[in-house]
Amino acid sequence: MRTEYCGQLRLSHVGQQVTLCGWVNRRRDLGSLIFIDMRDREGIVQVFFDPDRADALKLASELRNEFCIQVTGTVRARDAKNVNADMATGEIEVLASSLTIINRADSLPLDANHVNTEEARLKYRYLDLRRPEMAQRLKTRAKITSLVRRFMDEHGFLDIETPMLTKATPEGARDYLVPSRVHKGKFYALPQSPQLFKQLLMMSGFDRYYQIVKCFRDEDLRADRQPEFTQIDVETSFMTAPQVREVMEALVRHLWLEVKGVDLGDFPVMTFAEAERRYGSDKPDLRNPMELVDVADLLKSVEFAVFAGPANDPKGRVAALRVPGGAQLSRKQIDDYGNFVKIYGAKGLAYIKVNERAKGLDGINSPVAKFLTADIVDAILERTGAQDGDMIFFGADNKKVVADALGALRLKLGKDLSLTDEDKWAPLWVIDFPMFEDDGEGGLTAMHHPFTAPRDMTASELKTAPEEAVANAYDMVINGYEVGGGSVRIHNGEMQQTVFGILGINEQEQREKFGFLLDALKYGTPPHAGLAFGLDRLTMLLTGTDNIRDVIAFPKTTAAACLMTEAPSFANQAALTELGIQVVKKAENN
């Protein structure tokens, strides 16, 4: 039906007769001439109808936005004064000789100027996806998956599918359960990841595996989360953690070079401890120049319990955050930032405004100055590198609260004061995470997942001091987003059972949930390691959007609903009866 795409016509096509198929993006009726912007997935081209082709001109008078049409015509160069530099096809236009209206469109539920609520965009997603910027994002996503497949194939990885209907295993989030009709009362789970299957593939001898795969997690959503999402899933045998990182870094550098024309260079490597200490986050945004600086040793003897208490507490921390040019902040802005850090558990926000450093105490403005000597202030300013016109904010509490509060404040200030370089790419690897973290109930939970191997510890050493264990794990972070994470896996049965025990999984439960894995570990399991990238998040970064729903064709809302199909929906009673399921209505409060 077509010979060319609208958006691909150029000066090289001048004089050629072409047939185009697409939609009316905009129509301008000048009486004797009618112009339309005609759109398809590749872009927009201007088509015009003149009186010499009377039949086509008459039919064109009926055109309205989003009519689906076919046009045959001749490509012509535009006059110099009519060239549109903002359009890829702006140097040419098509003189139509014939027009076919394939399908008409009713009045549109979406605003023609694209000023629409997200609810409307999701309800009429098939119309929203016609917008050039949305089409471009999905085209970029397709390009990314194609580049990934070629790269992985060239590096000896095998694309192997793993099951969608599997067994529920604890991986940190709730499972989506699927009832079995044949085995009444039993349920499959949709996979949160192919984690165990890809490890079993390594045990099967496949050596290098990858898969672009759907995963499912029934968890509370955020702007960058979806209940179903896509992973670039990778596993290798006989490769060390640095070797895995080298290959995966090469993949990401390849993507950025091909999609953005940007060479990311070598990725720096930073430990979890350093990232938390300097940036208050395990996924630091290195485009932001501000860093947290420890000053507890300078404040142990001050007559100010807010500082002295945490400074003398082994579990406490006092840190300073220098804000270049921050002395310009008003009292209201400072109060607003003080309220902001309370979200993260901080009790408030002490500060020092540096007006004229050379004047010592007389050159600063601070509500805590009366508790500080000139020497202490000078030492703080020296350590933080403060200059005239800067602001120093303080965090004083337990280590987690200080890291969370100042880390979040750092990001907010970086954005609010334009200190973060939005035109820069800042990738890094974060390694050496704690193996376990406090579950808040007196026990431990795996920071990554229970199949991650510890660094340089035997099973007996791990059992003796689990809180000291460092995981042989690694995350890739770009511009403050965790885009991928992985680890070296446990390939020893004793170690795996030890980890399960530390996590409070008794032997009976181990056999019930992971018996197949424990059995497989008995038969010559190779050392193996892997990683998974979030394809949605990678695409989000590569297309420059901050909303993950913009890079998924048919996403869910933050309430995990599809407004277009109205899923989830109630099942009919016959289907429920066949499955042996009874829906229990929630009791109403009297």
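Just so you know, glycine gets a Cβ as well, placed from its N, Cα and C.
According to its DSSP assignment, ARG217 (L-aspartate binding site) is coil. Listed in sequence order, the residues of the same chain lying 6 or more apart from ARG217 (L-aspartate binding site) and placing their CB within less than 8 Å of its CB are ALA173, ARG174, TYR176, GLN192, PRO227, PHE229. Annotated L-aspartate binding site per Swiss-Prot: GLU171, ARG217, HIS448, ARG489, in sequence order, evidence recorded as sequence analysis.
What Swiss-Prot lists as ATP binding site is ARG217, ASP218, GLU219, GLN226, GLU482, GLY534, LEU535, ASP536, ARG537. Packing around LEU535 (ATP binding site) is summarised by its Cβ count: 24 other Cβ atoms lie within 10 angstroms of its Cβ, all protein chains included.
Residues or ranges marked as region 'Aspartate' by Swiss-Prot: 195-198. Same-chain residues lying 6 or more positions outside the region 'Aspartate' (195-198) and placing a CB less than 8 Å from one of its CB atoms are 162-163, 166, 169, 171, 209, 211, 233, 235, 449, 451, 514, 517, 530.
On its own chain, GLU482 (ATP binding site) has LYS283, ASP475, MET476, GLY534, ARG537 as residues at least 6 apart in sequence with a Cβ closer than 8 Å to its own Cβ. Within the same chain, residues at least six positions away from ARG489 (L-aspartate binding site) with a Cβ under 8 Å of its Cβ are GLN199, MET202, PHE451, THR452, ALA453, HIS528, ALA529, GLY530.
The DSSP secondary structure for LEU535 (ATP binding site) is helix. A 10 Å cutoff on Cβ-Cβ distances gives GLU219 (ATP binding site) a total of 14 other Cβ atoms nearby, all chains included.
Rounded to the nearest whole angstrom, the C-alpha distance between GLU219 (ATP binding site) and HIS448 (L-aspartate binding site) is 16. HIS448 (L-aspartate binding site) sits 19 Å from LEU535 (ATP binding site), taking the CA atoms of both as reference points. A simple way to gauge crowding: the CB of ARG537 (ATP binding site) has 20 other CB atoms within 10 angstroms, across all the protein chains here.
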